[in-house]
Amino acid sequence: MPEINTDHLDKQQVQLLAEMCILIDENDNKIGAETKKNCHLNENIEKGLLHRAFSVFLFNTENKLLLQQRSDAKITLPGCFTNTCCSHPLSNPGELEENDALGVRRAAQRRLKAELGIPLEEVPPEEINYLTRIHYKAQSDGIWGEHEIDYILLVRKNVTLNPDPNEIKSYCYVSKEELKELLKKAASGEIKITPWFKIIAETFLFKWWDNLNHLNQFVDHEKIYRI
């Protein structure tokens, strides 16, 4: 694996690069484990390295979507606006559990607490709804990138927020119209959004949003959307 100098990066974020992500093949079968650092190096991504991830979309009882702006300390895509929470299940027994995507949902609960300070008891795994999976690849810069099969998770609940400033620069709840305005700002270069959020917003998000009371029609645990 290539050696990358991380001396100039945020120390807390560098520590997280040692976490072990779940390596998978293109059909989401586990084939091993590798550090978060090696999973996100473009040099390895170009050789086909692929890992499991998730994206949470949390709506409050007013049907507004919780967005976050990634902190400037983040190694990949700093300062970008994105959906509620995006991260990775780790290669440990609790988060490797594949039955009903329980491991991924446990990981989402863990990261909602770590990033946004949402108490664990407010987002138990059984209240995190697994819709489908999306396979995508995108560069952050010349060194770092993303290559993931992303589990799409939806939550509908009012929650308590206490964000970690090392993870999150800002957050807001948005209506559909407010998100459309934000996407226009991103298209004009006024703000930055993450590539996976752009992809999901342009393809699936508004269909889900229009049908929050009828999400069963979008549940597909067999297909992996290649985007």
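Any Cβ shown, glycine's included, is placed from N, Cα and C.
The structure displayed is predicted, hence computed values, not measured ones.
Of the residues proposed, Lys30, Lys36, Lys37, Lys47, the one Swiss-Prot records at the same substrate site as Arg70, Lys74, Ser87 is Lys36.
Cα separation, His51 (Mg(2+) binding site) to Ser87 (substrate binding site), rounded: 11 Å. Mean pLDDT for the domain 'Nudix hydrolase' (49-199) in the predicted structure: 96.
DSSP assigns Lys176 (N6-acetyllysine) to a helical segment in the three-state reduction.
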